[in-house]
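Structure record follows, encoded as structure tokens.
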Amino acid sequence: MAIVLHSSPLLWARLAALIFSCVAFSVAVHGGNLYHGTGDWCIFCWAFSFAGTLLVILVELFGLQTKAPVSWKNFPITFACYAALLCLSASIIFPLHFLKGTGGSSEIRNYRIVSTVFSCLATIAYMIEVSISKARPGEVVGYMATAPGLLKVCETFVACIIFVFISDPTLYDNHDALRYCMAVYCICFILSAVIIILCIGECTGRLPFSFARFLSGYALLAVVLYLSATIIWPIFKFDPKHGGIKQRPSSCGSVGLCIWDKCMAIAVLTGVNLVLYLADLIYSTRLVFVSA
């Protein structure tokens, strides 16, 4: 089997991401003395990114793109975008939990600093890979390399973070309006995930309707749903007239996230996803007009 090696900025970006993510989790496992479930999440982010990037490099190295069970126009950039977001989250969470206000030996702290630095470098490398791989004007590429495709990745990632904060049923199970917000998060996440899977699996051409028009219609629906959730969630969580708490309770303290903090995080992330879906709607509508 012939080995195909073409030196390019994209290859160097992938190799850099591979090395940086490998160093990040190797150093953390070796001497970081991680004791919290948060550490497991960070290790997963780095190890998952490393394994996926290694797979992509090996497939292209041995010229197996045509034999891969996924669309190679969509898979690498989709994975790189997720890896960038995962490493970015680890670059924020890891120092907050394992560097800020922690004591311990200087050796352990040095290991943690090294992991944080290489996590940031991996994030930059993945962002460069996405920037190189994304569609340019006039290029014929897969949907996931376009702005709406990359926005779908961001939308699902933000929704996953919302699910982490809203995992406690007590946050949404005491009022129908809050259950509606939870339904909005689930419906939009599922539909966006299905779109990504259809693109990676190259199944969009088998649909009995226009995929471009479906994307535009779904983006409009998602904007309406998230707009309503952006209004409803703060009303029923922070307005005293509807049983909410306007100011952060003193019982929350200064360590960790209390229920009020989680509600505020969900409100902010709902607004972030609204902006993402709005941008998605604008780009998807443009795609419909261009294809027409």
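Cβ atoms here come from the backbone N, Cα and C positions, even for glycine.
Bear in mind that TrEMBL entries carry predicted annotations, made automatically and left uncurated.
These figures come from a predicted structure and were not determined experimentally.
Feature annotations, reproduced from TrEMBL:
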- 5-138: domain 'MARVEL' (DOMAIN)
- 143-289: domain 'MARVEL' (DOMAIN)
- 12-29: transmembrane segment (TRANSMEM)
- 41-63: transmembrane segment (TRANSMEM)
- 75-99: transmembrane segment (TRANSMEM)
- 111-128: transmembrane segment (TRANSMEM)
- 140-165: transmembrane segment (TRANSMEM)
- 177-198: transmembrane segment (TRANSMEM)
- 218-236: transmembrane segment (TRANSMEM)
- 257-279: transmembrane segment (TRANSMEM)
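Comparison of 75-99, 140-165, 218-236, 257-279 by number of C-beta pairs under 8 angstroms to the transmembrane segment (111-128) places 75-99 first. Assigned with DSSP, the residues of the domain 'MARVEL' (5-138) fall into helix, strand and coil as follows: 103 helix, 0 strand, 31 coil.
Within its own chain, the transmembrane segment (257-279) has Cβ neighbours under 8 Å at 147, 151, 154-155, 158-159, 161-162, 165-166, 168, 170-171, 181, 185, 188, 219, 222-223, 226-227, 229-230, 233-234, 237-238, 245, 248-249, 251, counting only residues six or more beyond its boundaries. Each residue of the domain 'MARVEL' (143-289) gets a DSSP state, and the totals for helix, strand and coil are 118 helix, 0 strand, 29 coil. When each of 41-63, 140-165, 177-198 is checked for Cβ pairs under 8 Å to the transmembrane segment (75-99), 41-63 comes out on top. Residues 71, 73-75, 77-78, 81-82, 85, 89, 130, 133-134, 171, 185, 188-189, 192-193, 195-196, 199-200, 204, 215, 219, 222, 257, 262, 265-266, 269-270, 272-273, 276-277, 279-280, 283-284, 287 of the same chain, all 6+ positions outside the transmembrane segment (140-165), place their C-beta atoms under 8 angstroms from a C-beta of that stretch.
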